[in-house]
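Below: the structure, in structure tokens.
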Amino acid sequence: WEFNGSFYQPSAFLMMGIPGLEALHPWISIPFCALYLTALLGNCVILFIIRRTPSLHEPMYYFLSMLAVTDLGLALCTLPTTLGLFWFDVRRIGFDACLAQMYFIHILSFIESSVLLAMAFDRFIAISHPLRHPAILTKSTVLKIGLAIVLRGMVSLLPIPFLLKRLTYCGRTELSHSFCFHPDIMNLACADIKVNVFYGMIILLSTVGMDFVFIVLSYILIIRTVVSLTTKEECLKALNTCVSHICAVLVFFIPMIGLSMIHRFGKNVPPLVNTLVAYTYLIIPPALNPVIYSIKSTHIREALLRALCRKRG
């Protein structure tokens, strides 16, 4: 403990695995390794295919590249502490290292939310205004959107580590997960955390909350456009281009909303449920997104098959 008058700050936190199943951590690590491997290889393959295929150099796949980079970052943020705990029972993480991990996890989560919104906007323009789509979403516009997304995440979350460092901590140092999460750290403080709660809620609602609302609005407009199409085949073709994105939105937002609600209002929720939702939120989307897009996107699948055939040849 670091002591400065009445101010106490722990030198480290203790991470937790899966409550009640500590003896099975080495076995539990097997599916986690499979998910991390899928996330790392899958997203790297997506990036490789898009870069090497000129026909995929268009806004939809530029945004998919941003999503793949974000998913890689999320997987790499939690992989060392999660597998370190499951394999070697390394539970200790330094206070500043914990804040750094928390900051990057939240930044990447906010970036993923914004990228999903940008992809919804791209689908809306492509379906509602197909002739104007190339003129609206040029390469420079996509680059500016990407920079704005990154800056919004970095700036909005910058005060969070400093708000946590100003708090006095006492007694408990056990985190609820094998990674650092803002509400989890905040609840270990014995000081007044109203500022942290208020700021965290405002940032969550004004970023991820607004992203989700605009995604829903985008799909309402897309459905209106699709309904006005003349033939059933055109309707199905237009909707089919959105299936992968809808799956990615559901896989990301459902566990994220669930975890946020549990940390803020679910005091009586069993720890096992909290842990499973947290792992679903941070590990499942990076692993599933490349699989979803590889299966549903004909262009990605064909480019992947061509690359495999060239290597065999």
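Going from the start of the chain as shown, residues are counted 1 onward.
Even glycines carry a Cβ here, placed using N, Cα and C.
Where the annotation comes from TrEMBL, it is an automatic prediction and has not been curated.
What TrEMBL records for 24-50 (among others) is transmembrane segment. Under 8 Å from some Cβ of the transmembrane segment (24-50) lie the Cβ atoms of residues 17-18, 56-57, 61-62, 64-65, 68-69, 71-72, 74-76, 79, 82-83, 85-87, 89, 279, 283-284, 286-287, 289-291, 293-294, 300, 303-304, 307, all in the same chain and six or more residues away from its ends.
Annotation comment: TrEMBL describes 42-293 as domain 'G-protein coupled receptors family 1 profile'.
Among the features that TrEMBL reports, transmembrane segment is placed at 62-88 (among others).
Note on the transmembrane segment (100-121): residues 60, 63-64, 66-67, 70-71, 73-74, 77-78, 81, 93, 145, 149-150, 152-154, 156-157, 160-161, 164, 179-182, 185, 207-208, 211-212, 214-215, 218-219, 245, 248-249, 252-253, 256, 282, 285 of its chain, located 6 or more positions outside it, place their CB under 8 angstroms from a CB of the stretch. Among the features that TrEMBL reports, transmembrane segment is placed at 100-121 (among others).
Annotated transmembrane segment per TrEMBL: 142-164 (among others), in sequence order.
Here TrEMBL flags 197-222 (among others) as transmembrane segment.
The transmembrane segment annotation in TrEMBL covers 243-264 (among others).
Residues annotated as transmembrane segment in TrEMBL: 276-295 (among others).
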Under 8 Å Cβ-Cβ from the transmembrane segment (243-264), and at least six residues away from its ends along the same chain, one finds 67, 109, 112-113, 116, 119-120, 123, 181, 183-184, 187, 197, 201, 204, 208, 212, 215, 219, 273-274, 277-278, 280-281, 284-285, 288-289, 292-293, 296-297
Please figure out which one of 142-164, 197-222, 276-295 racks up the most CB pairs under 8 Å against the transmembrane segment (62-88). 276-295
